[in-house]
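*Asks:* Checked Swiss-Prot, it gives:
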{"type": "BINDING", "residues": "10-17, 57-61, 115-118", "note": "GTP binding site"}
{"type": "MOTIF", "residues": "32-40", "note": "motif 'Effector region'"}
{"type": "LIPID", "residues": "CYS188", "note": "S-geranylgeranyl cysteine"}
{"type": "MOD_RES", "residues": "CYS188", "note": "cysteine methyl ester"}
Amino acid sequence: MQTIKCVVVGDGAVGKTCLLISYTTSKFPADYVPTVFDNYAVTVMIGDEPFTLGLFDTAGQEDYDRLRPLSYPSTDVFLVCFSVISPASFENVKEKWFPEVHHHCPGVPIIIVGTQTDLRNDDVILQRLHRQKLSPITQEQGEKLAKELRAVKYVECSALTQRGLKTVFDEAIVAALEPPVIKKSKKCTIL
């Protein structure tokens, strides 16, 4: 049985572990437990063929910046996560996570995942963001960033309600099995 290695990265507390636990067990975890490194495996059918989807959770905290890349070798697809209610985590997709993944694994497909969509319209969250002169990240902003960074795709989900959750991993499988052809820039190069 072929194995697909999918590594999940992103800032601490954006919902990476909840995403994985909710997907693999269909239950939302009650407590926040910061991750150092964990992995999960699920069997998925693609057509008539079974695949093992190996899901590797990583710690987003800076304390683990040197340890985290040890989980990167042989990765087939990365999920770079941010919380739609954390503009700072969205900014770090571009400033930290994409550069880190590209440095260690150039050419490996990347999907950007907006998490915690169930909180996008939460009054308490909206008030907190408003006080900071911020607002939740929109789907359009996520799609624009994915295009700008040449990610395979942008997808959103809620681990709590499971809305969009299966799509995240379906897209990861497709990206791993059919890596995109990187188009060369059509700009003229003068030597």
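Every residue, even glycine, has its Cβ placed from backbone N, Cα and C.
What you are looking at is a predicted structure, and each value in this text was computed from that prediction instead of being measured.
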*Asks:* What three-state class does DSSP give GLN61 (GTP binding site)?
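*Replies:* Its secondary structure by DSSP: coil.
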*Asks:* Three states by DSSP: which one describes ALA13 (GTP binding site)?
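*Replies:* DSSP assigns ALA13 (GTP binding site) to coil.
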*Asks:* Among the binding-site residues THR58, GLN61, THR117, point out the residue whose Cβ has the most other Cβ atoms within 10 Å, with all shown protein chains included in the count.
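*Replies:* Selected residue: THR58.
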*Asks:* Near the Cβ of ALA13 (GTP binding site), how many other Cβ atoms are there if near means within 10 Å?
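*Replies:* A 10 Å sphere around the Cβ of ALA13 (GTP binding site) contains 16 other Cβ atoms.
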*Asks:* Only counting partners 6 or more residues apart, tell me which same-chain residues put their Cβ under 8 Å from the Cβ of GLY10 (GTP binding site).
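*Replies:* Within the chain, GLY10 (GTP binding site) has Cβ neighbours under 8 Å at LYS16, GLY60, LEU79, VAL80, CYS81, PHE82, SER89, ASN92, VAL93, TRP97, VAL113, THR115.
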*Asks:* Taking all residues of the motif 'Effector region' (32-40) together, what is their mean pLDDT?
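*Replies:* That region's mean pLDDT is 69.
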*Asks:* Let me check the 10 A CB neighbour count of LYS16 (GTP binding site). How many other CB atoms are there?
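*Replies:* There are 27 of them.
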